[in-house]
Amino acid sequence: MSSLTQSPSSSSIQVRQQFNVERVTPALELGEGPHWDPLTRSLYFVDLHQGKINRYHPESNSFFSAKIEGYNDVTLIVPIEDKAGMFVVGLGPSIGIVQWDGRSNTTSQPEYLKLIDETPGNRLNDGKADASGRLWVGSMGSEIADNPGHYYKRRGSLYSIESDGTINKRLSNVSISNGMAWSSDNKEFYYVDTYKFAVEAYDFDIVTGDLTNGRVIFDLTANKVVGDPDGMTIDKNGNLWVACFNSNHVSLVRPAAYVFKKMYFYFCNPPSLLVRLYYKLLCLDLENRS
């Protein structure tokens, strides 16, 4: 059971609404990178440190998982348009293409590997495609050896990859590249660099992919929001839904009004926000190791 509560900082009125949340997959180590595919009516995502890609089919309540042999960090999965069974995947600091039938427990060996981030120790993190088919991927620094769970800051970047393979570095000095979303008119790009504890917006050019006029539209620290901003998606009304790692809630941010609400999940630590479909809310849960 979860509740949606409006923040006292945005209004003195508190609104509570109850939701039934259903667990739909086995335990995952780190579920990330959700992508809803309308053609197969399936949700694709990764179990990052297990080197696995996954598919959940809501209508049949079926779950399938495949290991990409030889890789421990598989960071993203995006289907390739008009290429059934072919996917772009993030593999450490690189991207590649695998074939998968969506049911088998293994994939083909990755092909067309392309190194994206050349900084030693860096790996890719979240990735999404924009409305033109351009792939966006971000990177992050390595974990600090004597401080587990913390990562070197400002070593990552945000990249876009064109259909011809051209790589463009769009942002530098990124700590942990995470959530991305675009406005419905493709004029704004929303972005989360976790260690900034904020949601940023940029003016976006869908033709060139250029980002300009960066600004903070929601500051978690200033609004006393606990947790680390992580995955993000946008709904049809332009509301941003931001999953907060090391916490138990998802924040709803309205860019135009700079107000927010929280949806609390009392049993999970949501690293990445999925999609609401058929009036069911799907949440990837970290395995409770205790």
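Heads up, the Cβ atoms here are built off N, Cα and C, so glycines get one too.
Taken from TrEMBL, the feature domain 'SMP-30/Gluconolactonase/LRE-like region' applies to 30-259.
Marked as divalent metal cation binding site by TrEMBL: Glu32, Asn178, Asp230. A strand conformation is recorded for Asp230 (divalent metal cation binding site) in the three-state DSSP classification.
Annotation source TrEMBL lists substrate binding site at Arg123, Asn125, Glu143. In the three-state DSSP scheme, Arg123 (substrate binding site) falls into the strand class.
Look at TrEMBL and you will find Asp230 tagged as active site, proton donor/acceptor.
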Calculate the distance in Å between the alpha carbons (Cα) of Glu32 (divalent metal cation binding site) and Arg123 (substrate binding site), and round it to a whole number.
14
Find, for the listed binding-site residues Glu32, Glu143, Asp230, the residue with the lowest Cβ contact count at a 10 Å cut-off, counting only other Cβ atoms.
Glu143
If you measure Arg123 (substrate binding site) to Asp230 (divalent metal cation binding site) at Cα, how many Å is it?
16
